Amino acid sequence: MTTTTRPESAPDAAEARARSGAAGIRLGHRLFVAREVGIGLALLLLIAVTTAVNPRFLSGQGRRDLMLGATILVVLAVGQAIVIITRNVDLSVGSVLGLAAFATGKLFLAMPDAPIVLAILVGIGIGVLCGALNGALIAVARVPALVVTLGTLYVFRGVDYSWAAGQQINAADMPAGFKSMGTADLLGVPLLALFAVAVLLVAGFYLRSYRSGRELYAIGSDPAAARLHGIPVGWRVFTALVVSGGLAGLAGVLYAARYGTLDAAAGSGIELNVVAAVVVGGVAIFGGSGSVYGAALGAVLLSTIGSALPVLKVNPFWQQAVVGALILAAIGLDRALAARVAHRLRGRKARGA
Amino acid sequence: MAPERTGRSARWVSTFGTWDVLVIVVLALVVVGASVLVEGFATARFWGFLLLDIVPIALIALPMTLIVITGEIDLSVASTLGLASAVLGQLWVAGLPLALAVPLVVLLGALLGAVNGLFIAGFGLPSLAVTIGTLALYRGLAYVVLGDRAVADFPIGWTGNSIEALPGTTVPWVVLPLAVLAIGFGVLLHATPIGRGLYAMGNNDQAATFAGVAVARTKFWLYVVTGAVAALAGVFWTMRYASARADNGAGLELSVVAAVLLGGVSIFGGRGTLVGVLAGVLLLMTLRNALQLADVPADTLTVVTGTLLIISVVGPNAAGMLRARMRRRRPSAPPVASAEGA
């Protein structure tokens, strides 16, 4: 506020503007946190009601099933959130998952003694390659992500099918060490779920505390402004797609470890659940806001609904309809909250001026 | 595009018109190539089946073209088709005559479209997110209505008639109403103020509003029409396969969007023609069915769909970048041309 030459009232107005701006950020932050708290509460409520109906829902095995059921969706949702925050989308994750899962199976068929780390690296590597193809088409050829990843959704799945050629890999073909990864526990938490937690924490820390992580939000808020600001938009978007692909590849390995039985259809259609989880978790579909924690909570909520409905004696056919209604409610709520924030800010500005 | 600026409209044709022509040329090449190489392709029987496969996709692609031109999207069409099919089956089981059930189901489709329209045009929510939501919601409701059962005891008068060919040919009669609808949508898009308004919205919603286009109302009714047409496709689907199931047409929305984009409609809106889209639908389905006839497994055919889709957007973009680069290299080019490239 170095406005010495301006009339006296100007600094006051500027100060008021700055004040209301800071308040806006605080207010926005409060609502943003409230969003995650809201989903968390909904999740707790759901679990509480379901447990009241059937206490076995939260028994040791029940807890394990809930965590295992959410694992794959959480890993995918973290990757998807990173992409959506940059105002892009990755619809190919289900196909990448299928490809990586099948590759894992093939790897163990060819080399039954292969170390598990190698399988994980191969899965992530395949995902990174797929993500790099997506990212290159989006960042270099400047093609909208929706179209590119819709196309590669088909392409990767088709490659998967022609590679598999109708073959199915059975759990019996998998080495015992790898299968035990799908069932092992560490301190009462399934090992697979720990992968998801690790991915979530790393991604959350990166997005919050690293400059390039913050730049992803800037890109999503306004790609043109981000470019003018000197942010390497193409490179960051490319990286986001690579990360999403790599996580989808990791999810494929986790899928193989959990289910053991694999065919080329693994993960078909999961992309919609992933996008749903991210949107329900409060990440704006047009980028620039939200967090991976919200997305992960959204994923846990969706998968818990899937497990809770049969317990609640609700016809399981309702599950998909509930997911749809939840998406509509989530984006409708977002819009209502945004309108309220804007309204309040206008009110403050008017008073401050 | 104003007639007095002939230079500009000629360039408009050369930039965007060429894509339609290209798709049609590729389509012709595919037809000629497949006739020579694939046994059984150049038969009336094959084309009869091909046209039956094309009908539902082409039907939904008509209103989808208009929606994408306004810069929006509707991913819920296949779920609307499935819900319409499930409800039709349930109404028939409940003893309602089909002559009454069919109009009811189309009305239901319009209602489902109106829900989309309300969220998108009324509340101003992003269509991508809304229709991903209703994609799940409508498909879920279809399962709620019919579960995993199938209703298959429709009267043969309806199911048989739906695939009946025009007398003396193998061309299914349903192609006729499809053609009438296509002409109707074509006239609406290319020869009426409403159609011009759709392009204006796709280029810039706000500018269109200031130009007097009723943006929200038009979008709302577009979604209503899309819902009704998708339900109509659901009726045809049910009758053609003589089976009402909740999973009818699952995943069809991706084929429809792929065909529309392949037909040269910009995903950002504001650009595209209905002729191009119909050529895109034909190209996609002809190529797919020809490869299937040549014993390429159906599952791997998705590679073709995906690659075509990517080429269809990368192609024009790459051509545009190349043109811009060539223009930069020749600074002596007339200023109008460089302004056009921006």
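One-based numbering along the chain as shown.
The backbone N, Cα and C atoms fix where each Cβ goes, glycine too.
Feature annotations, reproduced from TrEMBL:
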type	residues	note
TRANSMEM	B:16-38	transmembrane segment
TRANSMEM	B:50-71	transmembrane segment
TRANSMEM	B:91-111	transmembrane segment
TRANSMEM	B:118-138	transmembrane segment
TRANSMEM	B:171-191	transmembrane segment
TRANSMEM	B:220-238	transmembrane segment
TRANSMEM	B:250-268	transmembrane segment
TRANSMEM	B:275-294	transmembrane segment
TRANSMEM	B:300-322	transmembrane segment
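The largest share of C-beta pairs under 8 angstroms with the transmembrane segment (B:171-191) comes from B:50-71, of the ranges B:16-38, B:50-71, B:220-238, B:275-294, B:300-322.
Panel annotation: around the transmembrane segment (B:91-111), residues 80, 83-84, 151, 153-155, 158, 224-225, 227-232, 234-235, 244 of the same chain, lying at least six beyond its termini, place a Cβ under 8 Å from a Cβ of the stretch. Taking Cβ pairs closer than 8 Å, the transmembrane segment (B:50-71) reaches residues 77-78, 81, 127, 163, 171-172, 174-175, 178, 181-182, 185, 188-189, 198-199, 201-202, 205, 218-219, 222-223, 225-226, 229-230, 232-233, 236-237, 240, 249, 252, 255-257, 259-261, 263, 265-272, 274, 277-278, 280-282, 284-286, 289 in its own chain, all 6 or more past its ends.
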